[in-house]
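Undergrad: Sending over a structure as structure tokens; questions will come in a sec.
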Amino acid sequence: MAKRREELQRDVWAGWLFLVWITCCSAAPISNQSQSLQSLRTTSTAALRTRAVEGQKILSRAKRGWVWNQMFVLEEFTGPDPILVGRLHTDLSVSDRNLRYELSGEGAGTIFVINENTGDIHAMKRLDREEKAEYTLTARVINKDTNQSLESPSQFIIKVQDINDNPPQFIGGPFRGSVPEMSPVGTSVMRVTATDADDPGYGNSAKLVYSILEGQPYFSIDQYDAIIKVALAGMDREMREEYLVVIQARDMGGHMGGMSGTTTVTVTLTDINDNPPKFTKGEQSLYEFTIPEDLGIGKPGGKVKANDRDTGENAKSTYRIIGGDERDIFEIVTDTQTQEGVLTLKKALDFESKKYYNLTVVATNVQSSTTGSTFMDQATIKIIVEDADEPPVFSKSTYVFDVHENAPVNTIIGTVMARDQDFCFSSFGRYSIDRHTDLERQFNIHVDDGRITLAKPLDREADTWHNITVTATEIRNHSQISRAIVAVRVLDINDNAPEFPVNEELFLCENGKPGQVIETISAVDRDNPAQGHTFHYRLDTPTNPNFTIKNNLDNSISILTKHDYFRRQKQEMYFLPIIVTDDGDPPLSSTNTLTIRVCGCSKDGTVQSCNVEAFVLPIGLSMGALIAILACIILLLVIVVLFVTLRRHKNEPLIIKDDEDVRENIIRYDDEGGGEEDTEAFDIATLQNPDGINGFLPRKDIKPDLQFMPRQGHHSGPNGVDVDEFINVRLHEADNDPTAPPYDSIQIYGYEGRGSIAGSLSSLETASSDSDQNYDYLRDWGPHFRRLGELYSVGESDKET
């Protein structure tokens, strides 16, 4: 056991020696580091191998396994030969030489290769720790003969050892910072830090130190915390607003051989309220304005300005008047865009009363100063009032006059007065009425003294108030006009008699009782006395046998009946004249006649029927029932009339047996020939307009001897009417007419006359004729007369046979 403890102590010391070597070689040249590392790795591996052999002598049953230490490789190392990273071996290597080592994992075969016999691992390429800091690999040991693994695969890590190959960098620069002006020394401005891609946990490659290259003596920087601070007190923004500071960061803790990086920081001094406002009108700060007296209310009369060297909110000021404005005529407001004080009028100026004003104005900062006090400055404004030609001024803006209604024309209502207050201009002239406010021209005004008179009588019941506008105009300058409102109130007089509001009918029930109240009624009066109305009522004939009135002591009366034998059959309507008198001065009265109609009522006094209903409905039918009965009667009459009309409406037969019905067409020609017998023809208009002609249908009692097949025309008749179609329609109607006579019935035709060359029309239908006329010449007239010639030829042949 004591020997085992010594071996463990040697392992610990070997680890400490390795760490000491790593620390030392960080400052040594790269070639020495590589040689030392390789020597140490070889020594360490040999020591471990020796301890393993010794352990086998002591612990004969120890389990076999991999034997190696953690491996490192120096980044950016380049040389003529590959770098030996380390050696892998297993405890089988002592007894079994028929072994082969294999390597797999990150970079195996490309970056790292292994000697399959010795287990030595070499780096074949230059490595960069900032791209990849470590590689994870897997080692295997295989029997060359059987190609089987002798040990289970095992992972190990190769770490890339850092060197100082990256300078510090400021990410996001250049930077901008700010600090209030007049800040004390040591006030923090901002923090600016750099980054180094080297390993901060190994050596001093990533240990940064900060310094200022430009910007002194105004600012300083903490060399480790990178905080920029104020180094000079009393920096004034109004003198200089921006400063350019160059910051440097150096690695290796600032020692020689380190790398560095720089950046630029722009520091801006922010404003504080350390300057008061100052008026710009010399030392005495005196302003002088000339303002015309007719300047409108709210109009600007002048501007003043107090300059402030500060900016933003610290430069804003407010203005106010602290003296010289006892009449409260002026007001000064701040223009937020220009920071000027604008002097305006709150009241009108009057040159005749005061010509000069001396105002004291103060400008005060909105923000308090850094000491807590308020900055302000004071100025004097001298105002000279300039005289102007002003319009006349009425003594009042509104006049109120009273006049009684029905006052005579030219009655003086009142007087208005205006005067010109100008000191230099005194040419006031005339009064007038704005007729747009007096369209009916009910008033007049005297142009010189302003007396207003009546032009027409006024009626209070039509208009109680009249509002007119009067004007005063200068004679010299007609543009100088002033106006005033005159309100005329029309006072009431007793000029209207009382009367009942409407002339309505009153209804009286036949079954009423004596003393029954028919209606309660009250008069109205268009007048409006101050003490109110009091009406007195009386009947036109005090001895009225049917009705009486009762005074209700509230300017109303009740109409009462004197008996109960009112009957509609006896007298349907009564007229009751009533005289109504008021208590005016003088009192006026009127006679109002009430119409009282007698009606039939129910037991509870509800009116049911009046007027003619009492006679047409003796059985007590209501108006609704009477209307229903009349509607039924009218409907029945309409049904009867329709039935009779339908019975009489029948289709006339196509052939009417009338001896007097002679169908003849008289056609006049201006040539010599026979009489009307020779000029008989059919009317072609019937065929051209079949829709508008109710012509007779052709005869069907006698069939023609020759039958001809009809041809369908290729052209329509005149005006788009197809004659052939029309004839077919008529033929169809005739064939289906139930009133048409049979073919063998006797038809009666009108007498066609004698002595005609053409003879009777019956010769066209029958084979017998007494005429010796030869119609062969019809065949020579062309195709239009071919049918007619054939008909006549047939007739002649039959006659001969």
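Glycine is treated like the rest: Cβ placed from N, Cα and C.
Feature list, courtesy of TrEMBL:
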DOMAIN    91-170  domain 'Cadherin'
DOMAIN    171-279  domain 'Cadherin'
DOMAIN    283-394  domain 'Cadherin'
DOMAIN    395-500  domain 'Cadherin'
DOMAIN    500-615  domain 'Cadherin'
SIGNAL    1-27  signal peptide
TRANSMEM  615-644  transmembrane segment
Undergrad: Provide the three-state DSSP residue tally for the domain 'Cadherin' (283-394): helix first, then strand, then coil.
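TA: Output for the domain 'Cadherin' (283-394) reads 4 helix, 57 strand, 51 coil.
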Undergrad: Counting by DSSP secondary structure, give me helix, strand and coil numbers for the domain 'Cadherin' (91-170).
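TA: Summed over the domain 'Cadherin' (91-170), the classes give 4 helix, 35 strand, 41 coil.
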Undergrad: Looking only at the domain 'Cadherin' (395-500), what are its DSSP counts of helix, strand and coil residues?
TA: 3 helix, 48 strand, 55 coil
Undergrad: For the domain 'Cadherin' (395-500), what's the mean pLDDT in this predicted model?
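TA: Summarising the domain 'Cadherin' (395-500) by its mean pLDDT gives 88.
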Undergrad: Count up the helix, strand and coil residues in the domain 'Cadherin' (171-279) according to DSSP, in that order.
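TA: So the counts come to 3 helix, 46 strand, 60 coil.
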